[in-house]
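A.B. asks: Below you'll find the structure I mean.
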């Protein structure tokens with residue numbers, strides 16, 4: 001029990017000065033909060049700029065590395081063919097020469113894959129449609145499995161060989177290491193960077209670049225808001241909003257903000273954050289494609305609708 005000039009006050013109640021939760025912020029505290037918010041925005045913008053510069057730099061380096069690897073691959077293939085011509089009859093307890101011949105077949109199949117599918121397998125997407133017949137699917141899977149298994153089998157044979165030509169062993173070893181390096185730089189590293197970028201976008205650290213058809217930044221704030229109420233959201237009652245957001249397919253609830261579009265075709269409601277992401281790429285309604293740039297002013301909030309009987 002606290003005693004003040006106006007009487008007894010229970011702990012936690014407002015006693016004129018009040019606790020921190022009830023105290024009115026002064027102008028100084030509001031300025032501090034505004035400065036802190038501005039600092040957070042500046043830090044995020046600087047971080048996004050640094051990440052964009054970093055990804056652009058890494059992208060250029062990756063393209064240069066892939067270009068160099070492709071040139072090196074041509075040199076390695078020419079060199080391995082020269083070694084094969086000289087040493088394919090050498091004694092070896094593992095079929096390394098045969099593995100080199102299989103490699104050349106895989107390279108030829110990759111180079112003429114379209115012609116093989118069009119002329120030997122008699123399939124054309126323009127003529128026969130986008131659904132590939134079974135023979136084409138089997139051909140692609142066999143080629144993919146053979147390409148994937150070649151370095152594995154090559155490494156396994158190198159580990160088992162005891163008596164073999166040093167030239168054949170060196171050739172298969174170089175090709176296997178080159179293959180692994182190419183997969184690492186051309187596939188694994190970009191996949192890792194894309195995964196990191198998606199995580200950063202998901203957590204709001206980085207934003208996707210805006211499309212040319214994107215809506216103005218403040219359009220989402222101009223759209224009317226809808227206060228969630230169970231009687232307003234029903235798929236089976238005319239005049240109601242749907243139970244789930246058409247963009248993310250999650251059910252509407254009071255935990256997430258809801259916005260509606262001023263469409264004449266119907267009552268279209270979405271999660272505010274889902275609609276905001278959509279408006280970064282388009283200025284139309286996700287359902288009826290109506291232009292939203294003439295949306296009503298901000299501050300409109302719908303708490304109830306008339307239901308048809």
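Placed from the backbone N, Cα and C atoms, the Cβ positions cover glycine too.
Annotations in TrEMBL come from automatic prediction, not curation.
Sequence annotations record features per position, and here TrEMBL assigns region 'Disordered' to 1-28. As annotated by TrEMBL, compositional bias 'Gly residues' applies to 1-21. What TrEMBL lists as transmembrane segment is 61-84, 96-117, 138-158, 178-201. According to TrEMBL, the feature domain 'RING-type' maps to 245-289.
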A.B. asks: Can you find at least 3 Cβ pairs under 8 Å between the transmembrane segment (61-84) and the transmembrane segment (178-201), where each pair is 6 or more residues apart in sequence?
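C.D. replies: Yes, the transmembrane segment (61-84) contacts the transmembrane segment (178-201).
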A.B. asks: Within the domain 'RING-type' (245-289), what mean pLDDT does the predicted structure show?
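C.D. replies: So the average pLDDT across the domain 'RING-type' (245-289) works out to 85.
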